[in-house]
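Student: Copying in the features that TrEMBL gives for the protein in this structure:
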{"type": "DOMAIN", "residues": "B:135-190", "note": "domain 'FHA'"}
{"type": "BINDING", "residues": "B:Q156, B:V157, B:N158, B:R159, B:T193, B:D452, B:P453, B:I454, B:R455", "note": "FAD binding site"}
There are 4 protein chains.
Amino acid sequence: MGAINGNEFINRVNQLKNEIWFDGQKIEGLISEHSAFKGIIQEKAALYDLQLNPKFKNEMTFLSPETGDSIGLSFLQPKSKEDLIKRRKMIEHWAKQTYGIMGRSPDYLNTVLMSFASSAGFLEGKENCYPENLIKFFKYAREKDLSFTHTFISPQVNRSHLYLENSDEPIAAKVVDVSEDGIVIKGARLLATQGGITDEVLVFSVGRFIFNEDEAFAFSIPSNTKGLKFICRDIFAGGTSHFDHPLSSRFEEMDSIVVFDNVLVPWERVFYYDNGEVAEDFIIKSSFHAFAKHQVVTRQIVKTEFLLGIAQLLIETINIGEYQHIHDKVSEIIAGLETMKALLERAENNASLDEFGFMRPDIFPLKVAGYIFPKIYPRFTEIIQLIGASGMITLPTEKAFQSSIRPDLNQYLQGATKSAEDRVKIFRLAWDLTMSSFGTRQTQYERYFFGDPIRISSDLYKSFPKEEYVKNVSQFLNLKES
Amino acid sequence: MGAINGNEFINRVNQLKNEIWFDGQKIEGLISEHSAFKGIIQEKAALYDLQLNPKFKNEMTFLSPETGDSIGLSFLQPKSKEDLIKRRKMIEHWAKQTYGIMGRSPDYLNTVLMSFASSAGFLEGKENCYPENLIKFFKYAREKDLSFTHTFISPQVNRSHLYLENSDEPIAAKVVDVSEDGIVIKGARLLATQGGITDEVLVFSVGRFIFNEDEAFAFSIPSNTKGLKFICRDIFAGGTSHFDHPLSSRFEEMDSIVVFDNVLVPWERVFYYDNGEVAEDFIIKSSFHAFAKHQVVTRQIVKTEFLLGIAQLLIETINIGEYQHIHDKVSEIIAGLETMKALLERAENNASLDEFGFMRPDIFPLKVAGYIFPKIYPRFTEIIQLIGASGMITLPTEKAFQSSIRPDLNQYLQGATKSAEDRVKIFRLAWDLTMSSFGTRQTQYERYFFGDPIRISSDLYKSFPKEEYVKNVSQFLNLKES
Amino acid sequence: MGAINGNEFINRVNQLKNEIWFDGQKIEGLISEHSAFKGIIQEKAALYDLQLNPKFKNEMTFLSPETGDSIGLSFLQPKSKEDLIKRRKMIEHWAKQTYGIMGRSPDYLNTVLMSFASSAGFLEGKENCYPENLIKFFKYAREKDLSFTHTFISPQVNRSHLYLENSDEPIAAKVVDVSEDGIVIKGARLLATQGGITDEVLVFSVGRFIFNEDEAFAFSIPSNTKGLKFICRDIFAGGTSHFDHPLSSRFEEMDSIVVFDNVLVPWERVFYYDNGEVAEDFIIKSSFHAFAKHQVVTRQIVKTEFLLGIAQLLIETINIGEYQHIHDKVSEIIAGLETMKALLERAENNASLDEFGFMRPDIFPLKVAGYIFPKIYPRFTEIIQLIGASGMITLPTEKAFQSSIRPDLNQYLQGATKSAEDRVKIFRLAWDLTMSSFGTRQTQYERYFFGDPIRISSDLYKSFPKEEYVKNVSQFLNLKES
Amino acid sequence: MGAINGNEFINRVNQLKNEIWFDGQKIEGLISEHSAFKGIIQEKAALYDLQLNPKFKNEMTFLSPETGDSIGLSFLQPKSKEDLIKRRKMIEHWAKQTYGIMGRSPDYLNTVLMSFASSAGFLEGKENCYPENLIKFFKYAREKDLSFTHTFISPQVNRSHLYLENSDEPIAAKVVDVSEDGIVIKGARLLATQGGITDEVLVFSVGRFIFNEDEAFAFSIPSNTKGLKFICRDIFAGGTSHFDHPLSSRFEEMDSIVVFDNVLVPWERVFYYDNGEVAEDFIIKSSFHAFAKHQVVTRQIVKTEFLLGIAQLLIETINIGEYQHIHDKVSEIIAGLETMKALLERAENNASLDEFGFMRPDIFPLKVAGYIFPKIYPRFTEIIQLIGASGMITLPTEKAFQSSIRPDLNQYLQGATKSAEDRVKIFRLAWDLTMSSFGTRQTQYERYFFGDPIRISSDLYKSFPKEEYVKNVSQFLNLKES
């Protein structure tokens, strides 16, 4: 088998008949034809097609060490810096296809699963841990080119430090039964992007949100597992016109609440359970953060390039390139772009073999990128709004351009260097990226990609090695040992 | 006649049969029943009803000095500080009815017209100026309680300093003919909020955008004047459900491009024309900025109170009131609220009679408010997003709550102190104000209310009297006179 | 007796012979002639002279209700808004004399003592509380026009939440003995500005820093009390030349560590002790914050005016008033100035009689001012540095201007509108306020005036009444009662 | 000859007997013994010693291609990436010796001269240009290990865009005569750091400040050339105690106004003159910015490490590492440090051979570093002040610790993890770096290192290649060619 193309992806997702609830209705029929999902499924299919496109196949796939089939390069477990760079190029190809807009392109979750499998050694010999299941499942997914979503956040019921869930009925998903066949899960998890339109759901626990042992587990199950429900949020696509909604008509990925209604997870799919310490440590000590951030930062760079292009195109369209405050604003984007690129390069340059024998990027430049981007991305969207000014509101529709009022639009909405139609296209794109409900969800998504910004800076402070610098100053001052 | 109620407003607007183009179609039928306008027309009608509501009438109307009819207090030309405070209370009443969300409540433009009329003396004896037309029209509008939009910005074709429009066909609206009957206007103006759903369009020129004498004019004409067209932007209301779109279903005001297709403005409606110097100076020396800002700042205070309430409600809903960073964020809103209130109070305290005999608020505290709000309002919306976090995305619809999936929603989306339904209502409101396309247009609107922030700070710097402070320092240093 | 003049102040301070340690030496001889204190003592004497200056006496003093003597208006217990405004004018007069630079002008601590006395009722009937001592001492100080410093912060040994001092020898000042004669204090307090050059030291406890009952007390004792030592920090005055150090040569106030070496506080001077709850509540419920902030904000406004004058003078000197980014920077100062003025006005407008019968300014606008100023003042100093650019470094001395190199200085350091000498004077002032060690201490002082900015925002959030706004939003959404 | 040691440096500078004016006096006697210069001359001598220290010599020198002598590696003209990295290591060694505090360590100006010589080809065949002089002088300087200052800014008389100097007597240095012997310069230049204590002064013109051809020149002359005067600013060292002034007692570099009193520059020292176009282009097209920024960024990284060490040492001293806002503040420094390192690495990774055959670092990451650092460095100093809080003011002197008051200091100024003496040392260092007049000059120096931040962002915007990104967006939107 091996790497699939777009059609194979679509067919497979259609056959699953996952239980998806959208706007109060359970979806029946082909999911790929549903108006809320058609756009994203097509864009995702295009990504699968790209990996088999002869022009790219060489850089998007590699030969399976087991079957010899061409399999997706996002499953490659890197053992050298060259492997890392191959991975980055693969990520770039896919990111460029979607201008960095699709957050859950297949490489993201394939990378997550790869990082888990590449850290399976950590689970060896620990209680209730099944590293062999993890490795076996990884190989299975890799050879079948399975698609994934994941979910690791508990419902946002009560965010107090002191809160301990104490209801009779589970809210946060937890193990409610353990049997010969597997573990049984009841409760919910937030917020699975593309939930329902992937083959599998990867479920795991992030240490800091765990309060009970019964919430500490990791597994993967097919999306159509009995008892599994995906409840969609409201849709953020404004419609299907590429003119009116150039981004949301294509890239609305949908997020869903994942409900586990006494879902049985068979033992062969359980990676660990009932072990809070492992749940906490696995995320920290595995290569999850290193590889996931390597993927994310690469995508965010491509997205930043897209924003820079939009900013400059707006400037040229209404001819404001002479203003110093415009220079200053775009310089912020340029500086952000170069910074993200430099951090990524540094992470690759300083990569080293981890304890499991894989080439892990240096985590600190990536952590810094993960600290910076949630601050600069929202600012970039603000800059685009400040450049676009009233043009971000003066947005007629495609139908208006197709009507008898078109001559007026042509005359009164022309740009300094663009026809009215092109001018409106440009502003609608800027608007769809930064002001439509699709765009603002993108902003929130980038802001919270790796969690609460507050926690991110605490983690950066605590984990960064500061001793050498303290020692250096202490020596300068001839301090006594303390 | 005098102050009207909601029905009178609706009937009058329906009868006008203005030429409005929406999504490529010319609107036919009752505008008040059109899905894109129904919400806002009803909300506006409610404002008119409020002014005749016995509970408020006393504070919302006064007796016409000419007819003795009860007329809208927003037309009151203040001659004392008491008058000013009466005006502010009237503005507050209307603003509270719409939570500060409706930018173009009737008082805004009534106030603008009042300020013009109260500064008519400035036009006395100047070339091509007709102060008597202005005063007469003001009285007419006041007694009829006419509704208005206005427009004063030229199309955003080319924003270079050096740009001079030089096309055969006008783009920016200009005088193309002068006859016995009046002046003839051709070209377009941006961006009339509620354009097409008001009785009249007030058209004038703001000095800094004038490059040609033929673009320097001021007049008012009925919205259904021959040749006048309103071309709407895309709609930013997400739908008609108050649950799903608590704000946009009610307060989408629509903005339109106003096209003048050889529109004849009869002489009696011309206030001035073909006089660039007057156009420049009238805006600066009239009480326009003082009274308009007095209205705007009052409304913005009510809106800020609404934001503060939303922020705190989010905090209580998910129980995050213990976090120091939350305190810090809400403190920003509190500080902004108190600051805006204090500046408004100071403007009233230091009001003084202007050269035309009217009680004009001190302009500097209001200019400062106009300098601050475009910075703090977007920040407040960001704070709400940061408080809401993933909850700003996990937004099921009203229909979902009405479906069989409701028990799951009830269980998994409950808040610490709220039911799931109330929790979702609260987050949808926060979202509609800050992240929906309606909300982001609100942000852009507040950001640009009085023009480009860059120009606002230059104006503040240049107009603020600094001499005394320089002199004080010079004396401390015993500087020689220079 | 009553209000004193400068000479009386100087003589009294000289006679005290307080134990002051400066740069490793115990000061002997007249403190008013000591190079480290001469400048500030003279400037302070000038303030006392001003209050008896016939031109100001009327606004700076009032007749004692007990003796009929003219006494300092900073001791006036306001019972009406007129009284409040009288107080503010008095504060302004003194602040203008020192351009807002002297933080501990007499009115500051007189106001603090007045607020304590005006809240003595709070102490009535509470354990270990002596309101009658407080009132008696207040009257005594008022009639004698005593000068004060105060101290309420414990040494910065360990700022962890969890820290409990546990050493054999006290570090933080505490009660170590109670006898017939009074209470005995041992330990230290930080950071008494002007410590050692005032008649008295007012000592009290701020709730949030109290961890032990034995640190909870309030009293006042003469600076020359046996066992009381003032240990000065390093001096931040650059020298005595007014040309070179226009501010630090005059306004270096010095801060000192106050050491209590088994100091006996006689009972008649004890206001309360050994009552942590009272210590905590008295600061919150008394009028301390309201009146102290009323004084501080008034002074900070005068200081901001001084900064604005300096900024504009720099701009004129090197002729950079045409640049938009300069407009933007100065607009920040203007906005800050108007905001502070407006908040002060609002606090006065909304003043109301407190439970003790005194006219207390509205605390919230003052709290907001106290939240804003620590952020904007450092920014203003940065703006001045950004305006001054390299000119903030190119600073020759007075002696250079008096030497044979002067013609070169005259030629090469001339400004666009100023002689070289005046130009250097202006830049040296800008430097002394923002970059000299005197200036940076001023910045730190304003930043921490009312404590850690982090705590200030938590206090603002917690104390501000938000219920009404929450209720308003809840009604809009028709939420169920929760 | 070749690379010199510290003594040789000191002797050479002493022998020059340059005309230096300090505080109104012409300096006589050994400059190395003068209290204002002793510290910096010793620290600089230590750098020269380090380059001959056997432990470092290998990495600090290379063999002269002409003489075979060991010469300073800062003169190395890099032809490969290895050369670049060698250069960076050399810079690091010197920077670490001074903790990044010495701005004008020898490598800075050696690098500037090297970049000029390596771009001499640009001057070939252009009017009034003498590339052979430049190359010859470079070799001479390299073999003698000459020390330099430079100057390229005109006096800050009038910074208006429209200003043209028009006085009879030159203010900005210009050519006033051309003869057989050379060109004669009259006027002044700002602001030569270490002016007067180096062998040579390198003088050139930066395009954007040139308004007249006669101000367009480049040359180097000995500091003791007839007619050359160095007028020092006021001194920013607080004294000679390393305890009290750990930085300024060592690293006060002094800045001076350079006056040219009809100074003859012999032809062999003229690199170009009277050619405004060349003056403008040489700075842009030469490798000046690339190599100078490569040195500067390397030093700034070392300085940032020093700041990070200080911040963390403060935190440990008073035990505040548990606070989230502290994490957030230090995370800013960590992010800045990693970002600067990453940008430097990227510049080296993407280095390429320039048109003159030398390996030039990629300019854009370095420009971004030069755009970022002037913003983050001042913020880092603010963070240190915010961490230090009142401890930044409570600063007793060395003498106080040597006096009988020491036991009190020991008790009351102890830190959670440090003795009082060490605690005060640490805070005095933090203060000297961020709040003393030495420290604030450092801040201003970093802020303006490569000129006005406003111009830096305009340059970044204008020079950065944006076309590709615009094209990418245009293709996404299917725009017509424009």
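Glycine residues also receive a Cβ, built from the backbone N, Cα and C atoms like all the rest.
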Student: Over the span of the domain 'FHA' (B:135-190), count residues by DSSP class, listing helix, strand and coil in order.
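Tutor: In the domain 'FHA' (B:135-190), the DSSP-based counts are 10 helix, 20 strand, 26 coil.
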Student: When each of the binding-site residues B:Q156, B:N158, B:T193 is checked against chain A, which show a C-beta distance below 8 angstroms?
Tutor: B:Q156, B:N158
Student: Please report the DSSP secondary structure of B:P453 (FAD binding site), reduced to three states.
Tutor: helix
Student: Output, ordered by sequence, the same-chain residues six or more apart from B:Q156 (FAD binding site) with a CB under 8 Å from its CB, or 'none'.
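Tutor: Sequence-distant Cβ neighbours: B:L190.
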Student: Suppose you look only at the domain 'FHA' (B:135-190); what would the mean pLDDT be?
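Tutor: Across the residues of the domain 'FHA' (B:135-190) the model's pLDDT averages 92 on the 0 to 100 scale.
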Student: Which residues, sitting 6 or more apart from B:P453 (FAD binding site) on the same chain, put a CB under 8 Å from its CB?
Tutor: B:Y371, B:P374, B:K375, B:R447
Student: Around the Cβ of B:T193 (FAD binding site), how many other Cβ atoms lie within 10 Å? Please give the count over every shown protein chain.
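Tutor: So the number of other Cβ atoms within 10 Å of B:T193 (FAD binding site) is 21.
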Student: Would you identify the secondary structure of B:T193 (FAD binding site) according to DSSP, in three states?
Tutor: strand
Student: If you draw a 10 Å sphere around the Cβ of B:R455 (FAD binding site), how many other Cβ atoms fall inside it, taking every protein chain shown into account?
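Tutor: Its Cβ shell of radius 10 Å holds 13 other Cβ atoms.
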Student: Assuming the binding residues for FAD are exactly those in the record, B:Q156, B:V157, B:N158, B:R159, B:T193, B:D452, B:P453, B:I454, B:R455, what is the maximum CA-CA distance in angstrom, rounded?
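Tutor: 23 Å is the greatest Cα spacing among the residues binding FAD.
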Student: In sequence order, what residues of the same chain, 6+ apart, have a Cβ less than 8 Å from the Cβ of B:N158 (FAD binding site)?
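Tutor: Residues satisfying the criterion: B:E165.
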